[in-house]
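Asker: Let me give you the structure first, and then I'll get to my questions.
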Amino acid sequence: MTEMTKPFLIVIVGPTASGKTELSIEVAKKFNGEIISGDSMQVYQGMDIGTAKVTTEEMEGIPHYMIDILPPDASFSAYEFKKRAEKYIKDITRRGKVPIIAGGTGLYIQSLLYNYAFEDESISEDKMKQVKLKLKELEHLNNNKLHEYLASFDKESAKDIHPNNRKRVLRAIEYYLKTKKLLSSRKKVQQFTENYDTLLIGIEMSRETLYLRINKRVDIMLGHGLFNEVQHLVEQGFEASQSMQAIGYKELVPVIKGNISMENAVEKLKQHSRQYAKRQLTWFKNKMNVHWLNKERMSLQMMLDEITTQINKRSSNHDCKRKHPRPSTREL
């Protein structure tokens, strides 16, 4: 894929509770775009409040993709995200619209934007049964013990993945069980060639402001029925599913079981959310070339104006005969 034929897309990233949904919808309205969720948990049906899933009213008529596509007990990976998102980008671009990726799952977005060489992990049915049995055996381990198990055969991946990121730890273990190769070894040979002509926008603010927003959003989620949502998922038999290790769900299950108080669970939920936001910022700042917009200094309109400026500035540096032109902002 040459530079002149790369489709243009806008990517909006940032930590949890930073306002990605609101900005992405306004950008879509202004630039004739459609939105692809870049959140690893919003793919799951019935997990709405805890994942801060955009509502129909909030969409304001803007098409959204990669939301509510799987049951809570289904597995989902960066590879699967990449495959599906690529199809949506191709279709959106073909119809003359601008694909907009909005989300906070750094690995998923990075795998889409760059030429990740995912290996074929298909295995025989018997081998898959063995893998599932082993993963089932590991379910009872807490996060630290599971992380120690990963470190026993893949120290590099263990260093790169936080113990509380149970989903990524399990993914690294599953990869090894399937291929007998280390996930860390695969990453070393990745080719970071850009797949798209990307305007990568990030939302930032002071840590104090972000943490206040996170705490407030947790309170709002609880007020909107998060506990009932988690209880319903447990009653449906999804308690042991990988998706239930997401922040907002794993903290409330012990309350349902009568193991901890709601007060303690809420404090843990807020703490885990703040820690996750910190990890998100570290990922985006270290691994991606993001143009940051400060939410404390800029209004929503100022952000839109800056995005317009960036599009025009980038357009002036490219041949106007590109196959997939950026949206014109001359009449906006």
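Just so it is clear, glycine is given a Cβ too, placed from its N, Cα and C backbone atoms.
Here's the feature list from Swiss-Prot:
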BINDING   G14, P15, T16, A17, S18, G19, K20, T21  ATP binding site
BINDING   T16, A17, S18, G19, K20, T21  substrate binding site
REGION    39-42  region 'Interaction with substrate tRNA'
SITE      T105  site 'Interaction with substrate tRNA'
REGION    167-171  region 'Interaction with substrate tRNA'
REGION    245-250  region 'Interaction with substrate tRNA'
REGION    278-285  region 'Interaction with substrate tRNA'
REGION    312-332  region 'Disordered'
COMPBIAS  320-332  compositional bias 'Basic residues'
Asker: Need the DSSP three-state call for P15 (ATP binding site) to compare against my parser.
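Answerer: SS state of P15 (ATP binding site) = coil.
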Asker: Between T16 (ATP binding site) and T105 (site 'Interaction with substrate tRNA'), find the distance joining the two CA atoms and give it rounded to the nearest Å.
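Answerer: On Cα coordinates alone, these residues lie 10 Å apart.
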Asker: Consider the binding-site residues P15, S18, G19, K20, T21 and say which one has the Cα lying nearest the Cα of T105 (site 'Interaction with substrate tRNA').
Answerer: P15
Asker: Helix, strand or coil by DSSP: which one applies to T105 (site 'Interaction with substrate tRNA')?
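Answerer: Its secondary structure by DSSP: coil.
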Asker: Let me know how many other Cβ atoms fall within 10 Å of the Cβ of T16 (ATP binding site).
Answerer: 20
Asker: In the three-state scheme derived from DSSP, which category covers K20 (ATP binding site)?
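Answerer: DSSP assigns K20 (ATP binding site) to helix.
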Asker: Tally the residues of the region 'Interaction with substrate tRNA' (278-285) by DSSP class, grouping H, G and I as helix, E and B as strand, and everything else as coil.
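Answerer: Helix, strand and coil residues of the region 'Interaction with substrate tRNA' (278-285) number 8 helix, 0 strand, 0 coil.
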Asker: Please identify which of G14, G19 has the densest Cβ environment, defined as other Cβ atoms within 10 Å, among these binding-site residues.
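Answerer: Highest number of other Cβ atoms within 10 Å: G14.
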Asker: Taking every protein chain shown into account, which of the recorded positions S18, T21, T105 has the largest tally of Cβ atoms within 10 Å of its Cβ?
Answerer: S18
Asker: List, in sequence order, the residues of the same chain other than T16, A17, S18, G19, K20, T21 whose Cβ lies within 8 Å of the centroid of the Cβ atoms of the recorded substrate site.
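Answerer: Along the chain, the qualifying residues are G14, P15, E22, A52, G104, I203, R213.
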Asker: Does K20 (ATP binding site) have same-chain partners at least 6 apart in sequence with Cβ under 8 Å from its own Cβ, and which are they?
Answerer: I12, V13, G14, A102, G103, G104, I203
Asker: For A17 (ATP binding site), just count the other CB atoms lying within 10 A of its CB, please.
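Answerer: Taking every protein chain into account, the count is 23.
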